[in-house]
């Protein structure tokens, strides 16, 4: 997509923040309007995160107008809302390539631009990093400002509060901006409150406050009276008591779509000392009515026609694995009142919408709090219930200690339904489910299952749910199922694989949903094909049998080779002193960038042609 100068005349003048700061302030509302329209035009053509960026247009313009970026450090939490930031920082003409192979990264990325101070993708990291950056700048004597932008969802995470508690203790010079888009702009976000925010952040008020503290520091009763009076005045109009108690100077809430007001407030706050907190109210999806009405649906979008106001409907093909899980969850809950389902803010992505509606008293969205989700599940299990934690592979990493300390050590029957395992695609390095087999396999008493299709996935969910001797995990990929027939639910024998095809000389031991590719390769090479099913416990007997009957073995998994299922097979063979050649095929020792799942698998040699080529090259 080429940039249309005639359609966006003001935006055409801005390809860097230096050019932005040359614009007269009066032209900024027009710039915001053009930026929002350009974002709509670009993302609707290319796909990507959508509604969040529409809500941060004015904030982005104001921040880059007031602060001397990239010298001043601007940190975006998660990064869904950072598309306008990318457009204004030299990437305007490439925004149509975002999330595509070889294109712009889906999130702020240090290797992409000097304006991207922190590489992100996961939630609630900005304030912790911001404190470190601010402290480093202070120790180096660099007169630079540090600003962190965090959303109302991300700030609920414990890590954000841990960081704010630390900031209140060491008091670095930094600004945290809470982008609150949970609701429409409330009544107290109007002219009076904006004026008050500018007054409270202004030099006169700050000087009076600090001067008063110094003058009356030796008169404790008067000093305490001043403090109480200040808190009373601010408390009448602002909900910032919590942040004040953490040691921040709280300002807000203010209208996050008033670019001129934001500039005034940011200028006032820019040189204040100590940790500052600005609370802005925005509308997710701002400027595009369908996204304003349904920001969840329009959070991330495929290519669509903006004039229709609708996203394209699915082709009605095969269900995704998330739906397979969601259907099983509802089916099981209808039969067992002990089932409790937990998600850390991923209801839609994990296929739990229907469950949340049918069984609201047994559905728990704990917000972005993976650590709490796991230990909460442990508590439910102790109380006699059957918790199922639905979580993405990449997010389960954040609760690793809880899996070990609070669940596995106590042998609690918590089941982890691990979605987005393996290659995820367009969200790139931060979201690939590359490590779960490696980091779970070493935990004692953990049962780990890798289904090869949707029917096996259901059977494994059923098996894991009814296993009472410790935690279980079923990992399944992003994307559609394979269309196999669904059979009645029954428990699988723990730790037992299944030979799918008998061949000669070579045996392929497959773990998971690469089975269709493995079947093609086995046919082409006349190899034996085994559906291993369990990563832990491994079917040692079957592995040794395959080693005795074949000249070589190949293990196949969509997980990091290091420490993965293939490593487990190697350990079994070495423990039994079986010197059989083994080729481990899986994800290499690198962070896999964005692109479609098909593109990534082809590049990594994990499609049928690539797997066959790897085996032939190894055998040569």
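Each Cβ is built from the backbone N, Cα and C atoms, and glycine gets one as well.
Annotated thiamine diphosphate binding site per Swiss-Prot: 80, 121, 122, 123, 153, 154, 181, 288, 370, in sequence order. DSSP gives residue 370 (thiamine diphosphate binding site) a helix state. Around residue 370 (thiamine diphosphate binding site), taking its Cβ as the centre, 27 other Cβ atoms fall within 10 Å, counting all chains.
Just so you know, the Cβ of residue 181 (thiamine diphosphate binding site) picks up 24 other Cβ atoms within 10 Å once every protein chain is counted. Here Swiss-Prot flags 152, 181 as Mg(2+) binding site.
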- Message: Just to be sure I understand the packing, how many Cβ atoms besides its own are within 10 Å of the Cβ of residue 153 (thiamine diphosphate binding site)?
- Response: 20
- In whole Å, the longest Cα-Cα distance within the recorded thiamine diphosphate binders 80, 121, 122, 123, 153, 154, 181, 288, 370 is 32
- Query: Where residue 181 (thiamine diphosphate binding site) and residue 152 (Mg(2+) binding site) are concerned, what is their Cα separation in Å, rounded?
  - Reply: 7
- Message: Cβ atoms within 10 Å, counted per site: which of 80, 152 has the most, among these binding-site residues?
- Response: 80
- Query: Between residue 122 (thiamine diphosphate binding site) and residue 152 (Mg(2+) binding site), what is the CA-CA distance rounded to a whole number of Å?
  - Reply: 14
- Item | Other C-beta atoms that fall within 10 angstroms of the C-beta of residue 122 (thiamine diphosphate binding site) | 20
- Item | DSSP state at residue 80 (thiamine diphosphate binding site), helix/strand/coil | coil
